[in-house]
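Notes follow once the structure below has been shown.
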């Protein structure tokens, strides 16, 4: 449109935007907002690990792109939701952040069974959080689905000078667990955070049958019902053990 003509219309008195304006006549010129496309899938991911390893920081960096230097420890469970698009599908990702203290294990264990992906986090500057990994693997073996994708994350890479656990140690631990991936990250510096979640979701989608991925009306499609805030029933222990 000619800028001069636009200014002339604004300056004109008594009817520059009157009923005769072609842009507004009958409301035909208004562009209707298209409703957002609903998600094709809803996936649940849980983040586990010892207290203070940065589970909440990783979740909030991914969902809100924020970082809290002095976050309070999670009590029980917390969750956030983020929608991502991968492989031509819109995925509503429900991320559960679990408490690291043992006294909350009876609560948090109820969330394992419904999780399609599990992120196990330790702090590279605290050896005791790495030494706790076998304990967390027992929780996974006891309550999680055998199909759940596993990802081991060494967090706080921004504190490299205080490192107590080498990258090689993290890689070696992950290699002992069937199907477990490994990476290091920093929630503070926003390093590898998006990659953690997106790679995990991509691995989950890879394992889905092709007929489900192609059929948007499948049972895996996101329900528009309100999200449940009550944990599922505690599943029975399963005998299978992942560790080699």
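Indices start at 1 and increase along the chain as displayed.
Glycine is no exception: its Cβ is also placed from the backbone N, Cα and C atoms.
Check Swiss-Prot against the ranges 35-49, 50-64, 65-79 and you find motif 'Switch 1' recorded for 65-79. In Swiss-Prot, the annotation phosphoserine falls on 106, out of 106, 218, 223. In Swiss-Prot, the annotation region 'Disordered' applies to 225-244, one of the ranges 185-204, 225-244. Of the given residue ranges 97-114, 115-132, Swiss-Prot assigns the label motif 'Switch 2' to 97-114. Counting only same-chain residues six or more apart in sequence, the Cβ atoms lying under 8 angstroms from the Cβ of residue 159 (GDP binding site) belong to 124, 125. Annotation for residue 155 (GTP binding site): same-chain Cβ neighbours under 8 Å, separated by at least 6 residues, are 53, 54, 57, 58, 121, 122, 123, 124, 184, 185, 186, 187. Distance between Cα atoms for residue 55 (GDP binding site) and residue 158 (GTP binding site): 15 Å, as a whole number.
Within the model, the motif 'Switch 2' (97-114) carries an average pLDDT of 65.
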